[in-house]
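Asks: Residues or ranges marked as compositional bias 'Polar residues' in TrEMBL: B:1-11. Annotation source TrEMBL lists region 'Disordered' at B:1-53. Feature annotation from TrEMBL assigns domain 'FAD-binding PCMH-type' to B:170-352. Annotation source TrEMBL lists FAD binding site at B:202-208, B:284-287, B:336-342. Summarising the annotation, TrEMBL assigns site 'Important for enzyme activity' to B:387. The active site, proton donor/acceptor feature in TrEMBL is assigned to B:535.
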């Protein structure tokens, strides 16, 4: 296998565009005039002019929807008119009502808001130019990363600013319940989809036809979030395939020559929802979106959120992506309006494409110096001397750059200057005294707080901080997996190390973005990066650590440490669980209280084990590895745990026993 | 053999002019034909051989058509169509130059003239199978191994073939040419070929656009080109059953002319009918412009006689339809010379229609045009011919308009243009045109016309105007090369297929370093109940490319892949030849291909008919 040389990716050599601050102009000239300026967007050359109101009738009259209406009517026994009426109602509930006047309103108010919130909003000019080109040639799908509510407001704001066509945005139904705001969003191009409509054929048909019609007619760029929802951890989420399949189908079926997929990476120096997310991860339920909630959020306006970066990636031609992977003639033998489930190869392609697009998002995500500092602070819970922190940050900076990180490091500024600036912006997470920097974990405990509350309080700070470290994980992930694999393989043989690497990669593939089937490539990439850094020597059958490599490997191992510990806690919890009928719903509270007990007993230091995101991902991995099964009992889903398997996974993760051979893909 | 785009102009003009043009008078006296030993007497006294054995004396050896009819740019830079054969002949076409330069970025200063005569020294000496030649001589069959004769039969009309000839590059050519004069001769030749193991390649009109005539490189035996051109007689006409029995070497226009003299026609008019032969039509499943009335070749034939290495295959009667297992005609139709030589065909004939009428409809865009054709097909009222060309072709048609003869016609043209673009609001950059031909008795034609124009009125406007297309040779003189290819596709995919294939062509050209955007256009040429036949025309300026033909082939390959991916067929009537062989399995399934292979194995185990087409 290793004899087949796979071209390692060279992330370091990737050239990135320069940024320009779009707020600069806004600070100099009138926002009102800006909001009322002449807006003449670049248009798609194949545009079929069509009003929002006409869209509805096109969708309802479409062969596809008519076919499904008849099908549903004959299955349910309802009259076709009745089903058609239902379809019309679904569409009313869903449809956007994009209006320029609303956009102008937002252009005005958001200009004001952004100027107060952010020091700068930086956009890559060349990305905009590429998008301008792409928009003319083929229908465009915008795929921004999703870290904050701000994301889609910012997207529309920027597109309006750059004279690009305003997108229609797939949004979750929960927004719609916000009075007034829901309608405002609708008028700025959002359309609303239910969170779950698994078996509802009619809903799916209306929804997919609506999106496809807009795409086919070149009505507007379609924007949605591959990750499906906001990432509470700032790690990219495993992409969802549903909408991606919908926007790709018109190409597969020959209805469009091509579709331009444009990944957009939006990164924040400080996330507005920072502590909100941490609380949510710890089980404080998410407040329902409401207008009053939003108004309360007004206090956020008075804080400093640093700068924000939006990077428009290179448009990815769906046609080139599918070249040689999708045989479009598979659609030749069935009328195209009859819905078809994607075939296995199509599904694989979708999955692969989705992962690749998310990886592009990750790679183009701008990282601030604070991300490096947060990583170091998390690894040193007892704090560091400021001078040592500065030194370490500088070291880490060079490591990150060598691994291809997109780091926004101020030019011509001393490292100590940069570090103290970052510390100032995030001071609410820190305590700095007498040159000693520490996470704010030992905040003066008040008398009435219980030990549990103290732990949760500490966890909020740790998880907030982790959300910054998580932003750079994709840079270190592969080398870190290799570092841990080398440690636990207890062997220099390449095969053994690869086995371990593959086990870990497999274990964590719900936690991180790891393209399925890329394990050899990932391994090669990790070897390449560490070799280039002088940490390893990769021989034909052996991998040997260099004398100077120890500190780098130790750092990389501790990057993954919270996850290794967290997964072990989940495994332990499931093994020690006495309730035979643990339901899926009870899982998270059970793990949480288990972890809490361990922390209180002093047997666990790592607060990240309390994160529900980690717990969910661990469960998904165990389900995938078939160590846990879901069994439906009545309307409850219970988890059947294969304790032997879970126990051995835990031991393998802890490095207690060598990697289990049978679980692995063979070399 | 099959119809070819670049002949469209000649063909169209000939028909449009209502058969006004004169017969070519400069016919070469045919080389003394052998006395035929078949018992049939010469039934038609006027059957002068229109194609001499030495074809090169009246045909262009490195392009399409007659050597005296061609486009050229005169000293003033105006385009001119030379010769006397066609209505456009001798006329100046003032707008062609601008169109040519504007579309291709070609400049008349940059010429890439062809090698004026064939470079005979480049032709390899013939590899003759002496015993075969001896036996053939004894049988008294006409033959030649003259290099010119051989080169002429080594190619069809694929772009790469013509281009190689223009550049003086000559590959493997047949080692000799034989001219059977009747069915019996063919039997003799095939028998001897089997006996001495030589490779036979049947040659009819030489209009193949699928590399079907190319000599396989890997062929080690002596290659004999079997030219059917001397088998060109109508053997009998049966007026009771309206059938005619014809030798397969007859050229389309001669067949039609001779039948016309008797008051009949076949109505089979492929675009290539000036040069293509009856046998070629059968061997490639040809399609005629007026198939809506007369049918395609498979509906026209009543009986086929073919000589194979196993013997003669034919049906025992002239019944109009049979249920005797799979129709053996369908092994022959489309066999592309891999199984044997078609020698005689019984065809349906019809009385010459009393009345013909031409017309056009202008549509605001291609979508409306296709919708109109679809509606016409749905109501099953398609006229004899209905063809829709896209905007790019419409503009080309404009460029071909001859210099107007009076101020009045110019004024009228302007008025029409004003009416269409201003009054009706049609955008000249989107509008497209359908040309129609009605045929039959007068009353019915007028009634039919009304029905069709009533439908058309919902999509566009009726407009009188004629258009034509032909520039392959002219283009080649000025660094422009191009060709056409066709497909058939279900109605609901016509628009998507046209758009995607055209765009694919543009994109592929760009990726391969073609400096100017190519001409990439299409037309819908036939309508069926369930779909349509679509033609693509593609040409580009190849200045700055080191291997333009290779680029052309890559682009055409990509375009074909695009067609297949969009639900189009591998070919509607050009056939597969060697050019499209690689897609056969995908097109007819492995089992289907296996069936065809087993037929070949039984009929021709020695691979005497070794042109390696199709399979």
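Using N, Cα and C of the backbone, Cβ positions are placed for all residues, glycine too.
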Asks: For residue B:208 (FAD binding site) and residue B:387 (site 'Important for enzyme activity'), what Cα-Cα distance in Å is obtained after rounding to a whole number?
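Replies: Rounded to the nearest whole number, the Cα-Cα distance is 22 Å.
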Asks: Quick one: mean pLDDT on the domain 'FAD-binding PCMH-type' (B:170-352)?
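Replies: Averaged over the domain 'FAD-binding PCMH-type' (B:170-352), the predicted model reaches a pLDDT of 95.
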Asks: When you tally the Cβ atoms that lie within 10 Å of each candidate's Cβ, which of the recorded positions (B:337, B:535) has the highest tally?
Replies: B:337
Asks: May I ask you to report the DSSP-based helix, strand or coil state of residue B:340 (FAD binding site)?
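Replies: Once the DSSP labels are grouped into three classes, residue B:340 (FAD binding site) ends up as coil.
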Asks: Have a look around residue B:202 (FAD binding site) and count the other CB atoms within 10 A of its CB, chains all included.
Replies: 28
Asks: With every protein chain in view, what's the tally of Cβ atoms within 10 Å of the Cβ of residue B:205 (FAD binding site), excluding that atom itself?
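Replies: Excluding its own Cβ, the number within 10 Å is 27.
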Asks: Distance check, please: Cα of residue B:205 (FAD binding site) against Cα of the residue listed as 'active site, proton donor/acceptor', rounded to an integer number of angstrom.
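Replies: Distance (Cα to Cα, whole Å): 21 Å.
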Asks: Give me the Cα-Cα distance between residue B:202 (FAD binding site) and residue B:535 (active site, proton donor/acceptor), rounded to a whole Å.
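Replies: Computed Cα spacing between residue B:202 (FAD binding site) and residue B:535 (active site, proton donor/acceptor) is 27 Å.
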Asks: I'm trying to understand the geometry here, so how far is the Cα atom of residue B:286 (FAD binding site) from the Cα atom of residue B:387 (site 'Important for enzyme activity'), in Å to the nearest whole number?
Replies: 17
Asks: Between the recorded positions B:340, B:387, whose Cβ has more other Cβ atoms within 10 Å than any of the rest?
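Replies: Going through B:340, B:387 one by one, the largest Cβ count within 10 Å is at B:340.
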Asks: Give the three-state DSSP assignment (helix, strand or coil) for the residue listed as 'active site, proton donor/acceptor'.
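Replies: Looking at the DSSP assignment, the residue listed as 'active site, proton donor/acceptor' belongs to a strand.
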Asks: May I ask which of the recorded positions B:337, B:340, B:535 is closest to residue B:387 (site 'Important for enzyme activity') if we compare their C-alpha atoms?
Replies: B:535
Asks: Work out how many Å separate residue B:340 (FAD binding site) and residue B:535 (active site, proton donor/acceptor) at their Cα atoms, rounded off.
Replies: 30
Asks: To the nearest whole angstrom, state the Cα distance for the pair residue B:337 (FAD binding site) and residue B:535 (active site, proton donor/acceptor).
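Replies: Residue B:535 (active site, proton donor/acceptor) has its Cα 24 Å from the Cα of residue B:337 (FAD binding site).
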Asks: Around residue B:208 (FAD binding site), how many other C-beta atoms are within 10 angstroms of its C-beta?
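Replies: If we count other Cβ atoms within 10 Å of residue B:208 (FAD binding site), we arrive at 33.
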